[in-house]
Amino acid sequence: MDDQDPGGISPLQQMVASGAGAVVTSLFMTPLDVVKVRLQSQRPTVASELTTPSRFWSLSYTKSPSTLQSPGKCLLYCNGVLEPLYLCPNGTRCATWFQDPTRFTGTLDAFVKIVRHEGTRTLWSGLPATLVMTVPATAIYFTAYDQLKAFLCGQSLTSDLYAPMVAGALARMGTVTVVSPLELVRTKLQAQHVSYRELAACVQAAVAQGGWRSLWLGWGPTALRDVPFSALYWFNYELVKSQLNGPRQKEQTSVGISFVAGGISGMVAATLTLPFDVVKTQRQMSLGAVEAMRVKPPRVDSTWLLLRRIQAESGTRGLFAGFLPRIIKAAPSCAIMISTYEFGKSFFHRLNQEQPLGH
């Protein structure tokens, strides 16, 4: 990405292209993400009583006498990428989907039951909030990747073969670090049913209770899922793309080739990192439940301990819960995202050739 090249792409143009890709991808893929997390949030048996908050996906709680002693439930009510939590006192707030609880036997069954009991709009619930988070995060991530890859190759710090893997891992780690506090704060806001205007107060309360490090409590499992995913994805994407391109130059990559390469790479990376996705869902669930019950947060279990616990309780299948919807989502979402991004870059490339940068 040479800024002196009239046909080059500026970082701002990269951000616009990736932001547009995030919007298109979210519109198409949010329903599959809803189903994926709903399946992951199920346990073999439903816990009816609260014991250790970090052990359950679905937690019962009872309000104190000062709050009318109304029993309720803290459920992971997924709304796409953000996977928020909702509090359900007496089932009144959660309406139909809480009063008529269902268990899903598979991906298709989940789609049918969600639409039947909660309505079609539920598959896209929370999309605006999803876009608020994903658009800037994706813009930062993809722009950082391209800039880092160009730097690594330009400075000969690593071979062209492994530059995408290193750049992808570094870009994702930086993005996760920036976004992780925002995701945790959003979970607290959802659990407490307060408005976004009270965001500052929510942050202050979290910092006062657990220090600044508390804002990154979900960083570990998120990084363990997203950083390897990113490294594997970009390595395979560039490799598959070069194979499909053949002797042609990289700049001549078509949208179709980007779509196929992105889909294959996303499917491989999603399969290998699925156990960490399950852990991330469970940890987010437990953190939200603790916040909802206004109790002192327990000691946070390590990612590896959670992996062993899930395997002990649910077997190896538990580590790959939501496999089908994650794969079904990962392949097309990665394909749509990267092809839209490449199309956007091609558009700006042609635009810059016709009207050189700086004029």
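All residue numbers here begin at 1 and follow the chain in the order shown.
The backbone N, Cα and C atoms fix where each Cβ goes, glycine too.
The topological domain 'Mitochondrial intermembrane' feature in Swiss-Prot is assigned to 1-14 (among others).
Annotation source Swiss-Prot lists repeat 'Solcar 1' at 9-151.
Positions annotated as transmembrane segment by Swiss-Prot: 15-35 (among others). Residues 9, 78-81, 83, 104, 107, 110-111, 114, 122-125, 127, 130-131, 134-143, 325, 328-329, 332-333, 336-338, 340-341, 343-345, 347-348 of the same chain lie 6+ residues outside the transmembrane segment (15-35) yet bring a C-beta within less than 8 angstroms of a C-beta in it.
Swiss-Prot lists 36-121 (among others) with the feature topological domain 'Mitochondrial matrix'.
Residues or ranges marked as [2Fe-2S] cluster binding site in Swiss-Prot: C74, C78, C88, C94.
Positions annotated as transmembrane segment by Swiss-Prot: 122-142 (among others).
According to Swiss-Prot, the feature topological domain 'Mitochondrial intermembrane' maps to 143-164 (among others), an assignment based on a curator's inference. Residues of the topological domain 'Mitochondrial intermembrane' (143-164) grouped by DSSP class, helix first, strand second and coil last, total 14 helix, 0 strand, 8 coil.
Marked as repeat 'Solcar 2' by Swiss-Prot: 159-243.
Outside the transmembrane segment (165-185) by six or more residues, the chain places 82, 133, 137, 140-142, 144-145, 148-149, 152, 158, 199, 202-203, 206, 214-219, 222-223, 226-235, 284, 287 with a CB less than 8 A from a CB of the stretch. The transmembrane segment annotation in Swiss-Prot covers 165-185 (among others).
The topological domain 'Mitochondrial matrix' feature in Swiss-Prot is assigned to 186-214 (among others). Mean pLDDT, taken over the topological domain 'Mitochondrial matrix' (186-214), works out to 64 on the 0 to 100 scale.
Taken from Swiss-Prot, the feature transmembrane segment applies to 215-235 (among others).
Summarising the annotation, Swiss-Prot assigns topological domain 'Mitochondrial intermembrane' to 236-255 (among others) and lists a curator's inference as the type of evidence.
Under the heading repeat 'Solcar 3', Swiss-Prot lists 253-347.
Annotated transmembrane segment per Swiss-Prot: 256-276 (among others), in sequence order, evidence recorded as sequence analysis. Sequence-distant contacts of the transmembrane segment (256-276) (same chain, at least 6 residues past either end, Cβ-Cβ under 8 Å): 221, 224-226, 228-230, 232-234, 236-237, 240-241, 244-245, 303, 307, 310, 319-320, 322-323, 326-327, 329-339, 341-343.
Under the heading topological domain 'Mitochondrial matrix', Swiss-Prot lists 277-317 (among others), citing a curator's inference as support.
Residues 21-22, 24-25, 28-29, 32-33, 35-37, 39-40, 42, 106-107, 110, 138, 233, 237, 258-267, 269-271, 274-275, 277-278, 307, 310-311 of the same chain lie 6 or more positions beyond the ends of the transmembrane segment (318-338) yet place their CB under 8 Å from a CB of it. Summarising the annotation, Swiss-Prot assigns transmembrane segment to 318-338 (among others) and lists sequence analysis as the type of evidence.
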For this session: Run through the topological domain 'Mitochondrial intermembrane' (339-359) and tell me, per DSSP, how many residues are helix, strand and coil.
Result: 16 helix, 0 strand, 5 coil
